[in-house]
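Trainee: One structure is given below, represented as structure tokens, and several questions about it will come after.
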Amino acid sequence: MKTGYHVDKETLARDWPALVVLAAMFVAGIILYPHLPELVPAHWNFRGEVDNYFSRFWGAFAPPLMGSGIYLLMLFAPYLDPKRENYPRFSKAYWVVRLGLVLFMGVIYATTLVVALGGPANLVSRVVPLAVGLLFILIGNYLPQARFNYFFGVRTPWTLANEEVWRRTHRFSGYAFILAGLMFIAAAFLPPPANFILGLAGPAIAVAGTIVYSYLAFRQVVR
């Protein structure tokens, strides 16, 4: 009988949506490579202007490679976790977030390709905040299910020192991430640089609030 976290045929079968997205990204890169410009937009500043570029090759294949790297890290990193036996207790949450990250990379890649091929220049300032917001809401919904581990979740000195602090902090951080996600979605409907400012404010508030709450929860639990 298997115990703890394992990657096997059943795991890969369940991950078929992520594998399909990753395969589609590589196929899109191969098909569209001859049609991409020599310089492919890679980064946009707070005004929504392109301020960094990939070469044609990396514009076509860096995002699929990054998406694959994130997927493989999520898939195999639990093997190195001393608390590996806890992963089956939140396997659905971990699977959903793993899939969500791959889908997010797929959306960002598709948006970049559309812009590189002559699509609307402001598409990124609309799609990216919306995609990030949905990802934050997804993570926020499943963070409270995370059980004590050293890889996935909110890892502060206080959550790692006490499992009750871990539980309370993740319940709080779920709401914080959802709030940050809603702020990101609102940012998608604002012009630059307001969308950039609101987009940064969301995760900053969520992270700072979670750290402070974690410390206060620790003080309350161990007193």
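Cβ coordinates come from backbone N, Cα and C, glycine included.
TrEMBL annotations: computationally assigned, not manually curated.
Quick paste from TrEMBL:
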DOMAIN    21-66  domain 'DUF1648'
TRANSMEM  12-33  transmembrane segment
TRANSMEM  53-74  transmembrane segment
TRANSMEM  95-117  transmembrane segment
TRANSMEM  123-143  transmembrane segment
TRANSMEM  172-190  transmembrane segment
TRANSMEM  196-218  transmembrane segment
Trainee: Mind checking which residues of the chain, 6+ beyond the ends of the transmembrane segment (53-74), have their Cβ under 8 Å from one of its Cβ atoms?
Mentor: 18, 21-22, 25-26, 29-30, 32-33, 36-42, 94, 97-98, 101-102, 105-106, 108-109, 112, 116
Trainee: The transmembrane segment (123-143): which same-chain residues, six or more beyond its ends, come within Cβ distance under 8 Å?
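Mentor: Answer is 41, 44, 48, 90, 92-93, 96-97, 100-101, 104, 107-108, 111-112, 114-115, 153-154, 170, 173-189, 191-192, 195, 199, 202-203, 206.
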Trainee: How many of the residues that make up the domain 'DUF1648' (21-66) does DSSP mark as helix, as strand and as coil?
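Mentor: Once the DSSP states are binned, the domain 'DUF1648' (21-66) shows 26 helix, 12 strand, 8 coil.
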Trainee: Across the whole of the domain 'DUF1648' (21-66), what does the mean pLDDT come to? Round it, please.
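Mentor: Reported value for the domain 'DUF1648' (21-66) is a mean pLDDT of 94.
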